[in-house]
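Visitor: Sharing a structure, written as structure tokens. Questions coming.
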Amino acid sequence: MEDYIKIEKIGEGTYGVVYKGRHRVTGQIVAMKKIRLESEEEGVPSTAIREISLLKELRHPNIVSLQDVLMQDSRLYLIFEFLSMDLKKYLDSIPPGQFMDSSLVKSYLHQILQGIVFCHSRRVLHRDLKPQNLLIDDKGTIKLADFGLARAFGIPIRVYTHEVVTLWYRSPEVLLGSARYSTPVDIWSIGTIFAELATKKPLFHGDSEIDQLFRIFRALGTPNNEVWPEVESLQDYKNTFPKWKPGSLASHVKNLDENGLDLLSKMLVYDPAKRISGKMALKHPYFDDLDNQIKKM
């Protein structure tokens, strides 16, 4: 740790305090995440350290790079590249009645998908994507942060500050207690974020797991084995769920054109096996008119 100087606290992450820091020798500005683990006395599990070490290999223009992993007093510090703004703060800063430019929505979604495809191709899931861990710079680049941390440390129910970890971006298979899930969980999250890029409002903002599920069901219909084979045998599926009929996504997401709504609907398919992959999403006609400059990035 002697290589880094803490400058100021910049936030509370899922796992602990995040500081802005500077490397003593190079002067490089970094984000320092202090990981607080449930079982402080046992120190950091070796499995977590192994997982985290693998993440240093994830190098991509749309992934926040993990530069260093340090231990101090049995505390783990993760040193990341520093970006000053996250997507939630940016969305909150757009004045009432105004929206993000549609070409920027498209560019951000394209970059998010490129980042996710890169990680998925290396068998790394995110599992906890949300606007707070999408970081942006002033050049129009967006990067995914906190990749792979869920697998290394688990996702706590509450942040150590007792703030509840958001459920708004969580896929229905996770909410219904599926033991086996894979890359489609991230695509669902990106779909909900896509809608929020367009409208500035979370698409499904539940305040409990059941409220979250019911908000999804009201919009997309209550799933059954017909639309999603085996869903009725998932751990938390109840036959007593109200049977809502599918509504129209267009009524919830006003600022997307036909192609945008089509892509969104493919990302929000109930059956994870039929949900569009990141790779296929990048080929969707919605991106046909994306500035070529961005595609080359």
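Glycine is no exception: its Cβ is also placed from the backbone N, Cα and C atoms.
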Visitor: Going by what Swiss-Prot says, which of TYR15, TYR181, TYR237 is noted as phosphotyrosine?
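Guide: Record lookup, Swiss-Prot, feature phosphotyrosine, residue TYR15.
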Visitor: Just to confirm what the record says: which one of LYS130, LYS245 has N6-succinyllysine annotated in Swiss-Prot?
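Guide: Record says LYS245.
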Visitor: Among LYS6, LYS33, LYS200, LYS283, which is annotated N6-acetyllysine in Swiss-Prot?
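Guide: Checked Swiss-Prot: the N6-acetyllysine annotation sits on LYS6.
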Visitor: Which residue among the recorded positions THR14, THR141, THR222, SER248 has the fewest other Cβ atoms within 10 Å of its Cβ, if you could check?
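Guide: Checked THR14, THR141, THR222, SER248; of these recorded positions, fewest Cβ neighbours within 10 Å: SER248.
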Visitor: Can you tell me how many other Cβ atoms are located within 10 Å of the Cβ belonging to LYS6 (SUMO2 cross-link)?
Guide: 14
Visitor: Using the centroid of the Cβ atoms of ILE10, GLY11, GLU12, GLY13, THR14, TYR15, GLY16, VAL17, VAL18, LYS33 as reference, list every other same-chain residue with Cβ within 8 Å of it (recorded ATP site), in sequence order.
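Guide: My list of surrounding residues reads LYS34.
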